[in-house]
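Engineer: This is the structure I have questions about; it appears just below.
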Amino acid sequence: MLSYIVRRLGAAVVVLFGISLVTFIIAFAVPADPARLIVGAKASPAIVAEVRHQLGLDQPLPVQYIHYVWRLLHGDLGTSYVYNMPVASLIGQRIGGTVLLAVACWLAELIIGIPLGIYTARRARTWIDYAVSALALVGISLFVPWLGEVLLYLFAFKLPVFPLGGTGGIRHLILPALTYGITGAAVYTRLLKSSMLEVLGQDYVRTARAKGASEQRVIWRHVVRNALIPVVTVAGIDIGTLLSGVVLIEVTFNWNGLGSLATEAISQLDIPVIMGTVLFTAVLVVLFNLLVDILYVFIDPRIRYD
Amino acid sequence: MSTVLPNGSLTQAAERKRGIGRALVKSIREYPMVYLGSFIVFVLIVVAVFAPWLAPYDPTKQFANGLTPDGMPVAPNHQFLLGTDDVGRDELSRLIYGSRVSLEVGIFATFISLVIGTTLGLISGYFGGVIDSVIMRLTDVVLAFPFLLLTMALVAVLQPSVTNVFIAIGVQGWGTMARVVRGQVLAVKSFEYVQAERAIGASTARILFRVILPNVLGPVIVLAALSVGFNILAEAGLSVLGIGVQPPTPSWGNMVSEGLLTYRFAPWMMWAPGTALLIAVLGFNLLGDGLRDIFDPRTTTHG
């Protein structure tokens, strides 16, 4: 078990290293000269050269990369060209909004997806099962910003129940979370349904029934508990998809977070902020997956690691 | 002059015809998703290919009567069936031409992912060892990035254009394909027919591409169909973030994104492109899911 954790950690370090290399290469591939962006179009070549030197851009690429990783290890993600402040503090200012929104979206998809999965598994091959399956397919095929737009139109404009976007508390969170919930729930509904159908065919379920346990007890104590394992895995690992979705939700609902930070940075070609956000979210995904994998060692005794 | 065919062959022909019809009905009943999905995809391709003939107007033309006297978009009427947008262009024509961007990006990006993913998956699964570890770590790196954020960074750096958008989406969409192909190869490579090929001295390339590849193709085709739908949504997402295919080229993503600014006074600008996206993506998802049920009856997702 310990060797599994060590190996898993080793793999995560390799992946983190790869991520830093990818962001470095992309940032280097930018056609625009960062020094020129900082000093403006009118500055003399001498000043541009001076700034290039200050930024270390006149050094060989491998040296630049080593400096880049060294700074990353010290939590230095670079300095924004536009705000002229550390990217890390910009991310720090915006991360709260994104975390709040992401948690709300994540809960919404579980709250919609899990009960539907349990319900349809018990009514497999009935019309309601087919109807939910069809709806699930539509949910997966929906374009998140469009659904958000439609919900805003219906429930914030036509029926002014919710605010027309913006950052805020519960009232501001409901429509964005619902938007993400509707599109994301289908994955959980399908997964839970197929996993419940599989568990329902297991011997221990038959044993539970044979010893006279009530149907409610069989379903809740035996089937749902076991069928939830793959669902929990996906719910824990799918943070990358969640973050991508949340970026779109932020732009659609005018929510202040990392996604809107990155989008603003793109319109201003603020490369350090763009790359800093991408790197930060990727690292977040790796660490989160690592955490889920390691927690599993303790949670699920059936999984053997050797 | 008698045109009557010998009695026997007439009934035979009719019966054969009825037989084909019946077989078709049976197969549609059996695989409704595949047929519905193929139908939607077919219509989509026809619309994209024949856009210049199908669209009533030039999608970039700004009509003088396309705006109300106070400069507002015109609601759907007999001239502009889906109304006009905020600069007086015909929404229906933009919708028809917009199918081109979606299909191009969806299909070409999938093609790139398919080539990279299948090749790396085959190599990784077949050779194992260090090569396998290196390729799988590479896959982990690609899969670690939140899809949209990395695409966003890539397109921002490459400059937005149809080509750069599908390259950016394609070069990072191969992770799942590589993993699936690798898994299939691991399952297939110890089978007797692979051993037999090796025993008669077939080259590695032959074993990989002529023997193993055809046997792992089922799940790849399913993934490819689903990935076209996913990529269409990714392209639209980039447009909403302002780095998709640039105006005035009409794209459904751009149109949805314009709708965000105009839904309060011109809701028709929001309904059309979103519905088109939904139907197109649904088509590819139906096709992918339906094919999965055929290739792998164990993982029935429906019913």
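Sequential numbering from 1, following the chain as shown.
Glycine is treated like the rest: Cβ placed from N, Cα and C.
TrEMBL lists A:9-30, A:95-118, A:130-157, A:169-188, A:227-253, A:273-299 with the feature transmembrane segment. Residues annotated as domain 'ABC transmembrane type-1' in TrEMBL: A:95-296.
Describe each of these features in terms of where it is and what it packs against.
Structural biologist: Note on the transmembrane segment (A:169-188): residues 100-101, 104-105, 107-114, 116-117, 135-137, 139-140, 142, 144, 147-148, 151-152, 155-156, 162-163, 231, 234-235, 238, 241-242, 245-246, 249, 252-253, 255 of its chain, located 6 or more positions outside it, place their CB under 8 angstroms from a CB of the stretch.
Residues 1, 4-5, 8-9, 12, 15-16, 19-20, 23, 26-27, 72, 77-78, 80-83, 87-88, 90-91, 233, 236-237, 239-240, 243, 258, 261-262, 265-266, 305 of the same chain, all 6+ positions outside the transmembrane segment (A:273-299), place their C-beta atoms under 8 angstroms from a C-beta of that stretch.
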Engineer: With a Cβ cut-off under 8 Å, give me the same-chain residues at least six positions beyond the ends of the transmembrane segment (A:9-30) that come close to it.
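Structural biologist: Residues 61, 64-65, 68-69, 72, 269, 271-272, 275, 278-279, 282-283, 286-287, 289-290 contact the transmembrane segment (A:9-30) from elsewhere in the chain.
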